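J.: Attaching a single structure in structure tokens format; questions to follow.
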Ligand SMILES: [Zn+2]
């Protein structure tokens, strides 16, 4: 069964897991009630056993969502660092995203994190969710599935709220998980929770409070398990394009520069497993950097609202393009070719880059 609005298999949607849990809780209550009949009890046991198997499977690997693409090409938009209730040109960028999406007809939209400034959401009832998301990205062309990751600012609020199916009930487009995979046939997209990797949030949090409640049993174990699961999933992938999305930079000429923890721990996996693109936010700009020793290409799309002008390193090795203003990114890929475009706040094309696997294989 596919959701007509979003196009992906609803059986794999995390919401279904929640619904199954509710069903099972009701069933288990039935088992305890002697008035319930035997067939109900049998159904409950079957559901409980199925759930136990699902739980083992989700613990063992990253959750995967199938998002079939009904054409020869996969098309998506990427926006990051955006949630400011329309301010700092967020609304202007959203307007142009809607205009470009009308032409592109994207399959979905990716958010690279820092979804809600300055400190994530206070809960599932935080009006900022609608004020920064539902009421901003209003174009018909943007009524697609959004796949989001968490940024460091999101970790300063109620993280579980952003991950909750309650938000998906408020706006059916919303889906945010810590780390997961979207299988879009032509490409597989691996979303990685990068914030727990960054030492300074733990050692020098300043006046900020981060919600590390789910980074268990220890930070080290959380990171090592994630990297192991990512490595396995990348190795198993047979997709033509492997794309990894995280909030933090791997390579950047912007204010934050490279994220050393990710360069040390994540980058070797991406190179070893033939990842094509790493896409991030965090620096409030759009940029393209080429790897000097692999096919990996680094794209930053973090220009969703507030931008920082003039704070960058023009001598950065591998730097192909840099624009320190607001903007967003589009991608269109077939089995052999990919084209990435950056747009600015007025919807003008800033930069186009394309690559052909047919060509690079020669
Ligand atoms: Zn950030």
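Each residue, glycine too, has its Cβ placed from N, Cα and C.
So TrEMBL has the following annotated:
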BINDING   81, 114, 117, 284  Fe cation 1 binding site
BINDING   114, 152, 247, 282  Fe cation 2 binding site
DOMAIN    74-284  domain 'Calcineurin-like phosphoesterase'
TRANSMEM  40-60  transmembrane segment
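Tell me what's around each of these sites.
T.: The Cβ of residue 284 (Fe cation 1 binding site) has 27 neighbouring Cβ atoms from other residues within 10 Å, across all protein chains displayed.
Under 8 Å, Cβ to Cβ, and six or more positions away along its own chain, residue 114 (Fe cation 1 binding site) finds 80, 81, 82, 83, 151, 152, 153, 154, 247, 281, 282, 302.
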J.: Among all the protein chains here, how many other CB atoms are within 10 A of the CB of residue 282 (Fe cation 2 binding site)?
T.: 27
J.: Any of the binding-site residues 114, 117, 152, 282 with a C-beta atom under 6 A from ligand 1? Give them in order, or none.
T.: 114, 152, 282
J.: Note the Cβ centroid of 114, 152, 247, 282, the recorded Fe cation 2 site, then list each other residue of that chain whose Cβ lies within 8 Å of it, in sequence.
T.: 80, 81, 112, 113, 150, 151, 153, 154, 194, 195, 248, 281, 302
J.: Starting from the Fe cation 1 site formed by 81, 114, 117, 284, give every other residue of that chain whose CB sits within 8 Å of the mean position of their CB atoms, in sequence order.
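T.: The answer, listed by sequence position, is 80, 82, 83, 84, 151, 153, 281, 282, 302, 304, 305, 306.
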